[in-house]
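Read the structure below first, then the notes.
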Ligand code: GLN
C-alpha cells in the first residue's frame, strides 16, 4: 500500500488505514485493536480518538505506531505489544514469559473472595502463578491476606514480583521457584496449613496445541499444555496439595471446557469432594471448588 509511506497522517486516516490492513491480514478485531494500539501511542482514551480525528501524528508517534502494527500483523497479542493487561480492574504487566490473564479467570478470583469472607487473616497458596494476576488480585482486595506464589519459570516470577510491587502488596507475598509444590517443605506451610489453594494450571490437550489461535501460540507453552488428556496438572495437584491445606480450607481452580466431570472423578478417587462448579459468562463450567474428605 503506497499510502503506508505517507508522513502527514491524521488520527482518523491512520485508524481507517489500519482497520483495512488488519482485516486483510486476518486480525480478528481490526477496529478495536487499531484503536487500542493508537490510543497508547497518542495517549488519548479510545473515545477521544474520535474527537481528535483531524489531529496529525508526529513522526516519532508514527514510527512507534508502525512498529506496533507490524507486531500485531505477526499475531503478537495486543497485551504483549503494550506490555500490560487489565484484570479485576487492576493493571498487570505482562510479557511472553507469562499467560495473558483472561476475563473468565476473574470468576475464580470472585469465587475465592466470596469464600474467604469472614476468614480473619487468610493464608493463600497459588500454584503456577504466572503474572500473579490471581493471587495478587486477591491480596489487593483482602488487605489482611498473605500469600505464597510458586511457578516453575523464573522469568514468570520476575513478572509476578514486578506486579506485586506495582500493586503495593509485595510485603504480603512470597515467591518461590518450584515445579508445582515439589520445592516446598514444612517451613513454607503456615501453622495449620493454607486457608485456600488456588490454581489456573495448564489444561490444553496435546492434540489441541497445534490448532490454537496464532496469538495463543505466542503464549508460553508451559502455561498451556496439560498433557494427553489435559488433566496432568490436576492429577498432580490433587496428590500434592492436601498436605498443605487447613482441614477447613479449600482448593479452587480454573478448568477447561468439558473437563468438569473427569476432574470431579479424579478428585473423588484422591479423597477430595467437589463443593461447587461455577459457569463463566459463556455458560462453560470454568471454576471448581474442592475440600478434603467427604
Ligand atoms: N484459557 C486458556 C486458553 O484457552 C488456557 C489457560 C490454561 O491452560 N490454564 O487459551
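Yeah, the Cβs are placed from backbone N, Cα and C, and that goes for glycine too.
Remember, TrEMBL labels are computer predictions, not curated facts.
Listed features, source TrEMBL:
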- 13-83: domain 'Release factor glutamine methyltransferase N-terminal' (DOMAIN)
- 105-208: domain 'Methyltransferase small' (DOMAIN)
- 128, 129, 130, 131, 132, 151, 200: S-adenosyl-L-methionine binding site (BINDING)
- 200, 201, 202, 203: substrate binding site (BINDING)
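The Cβ of residue 203 (substrate binding site) has 23 other Cβ atoms within 10 Å, all protein chains considered. Shown for the domain 'Methyltransferase small' (105-208): DSSP residue counts in helix, strand and coil, namely 43 helix, 23 strand, 38 coil.
Highest local Cβ density among the binding-site residues 129, 131, 200 belongs to 129, counted as other Cβ atoms within 10 Å over all protein chains shown. Taken together, the residues in the domain 'Methyltransferase small' (105-208) have a mean pLDDT of 97 on the 0 to 100 scale. Checking the binding-site residues 128, 130, 200, 202, 203 for a CB within less than 6 Å of any atom of ligand 1 leaves 200, 202, 203, listed in sequence order. In this structure the alpha carbons, written CA, of residue 128 (S-adenosyl-L-methionine binding site) and residue 201 (substrate binding site) are 6 Å apart. Separating the Cα atoms of residue 151 (S-adenosyl-L-methionine binding site) and residue 202 (substrate binding site) is a whole-number distance of 12 Å. In this structure the alpha carbons, written CA, of residue 203 (substrate binding site) and residue 132 (S-adenosyl-L-methionine binding site) are 18 Å apart. Remark: secondary structure over the domain 'Release factor glutamine methyltransferase N-terminal' (13-83) totals 51 helix, 1 strand, 19 coil, with classes taken from DSSP. Counted within 10 Å of its Cβ, the other Cβ atoms near residue 132 (S-adenosyl-L-methionine binding site) come to 30, all protein chains included.
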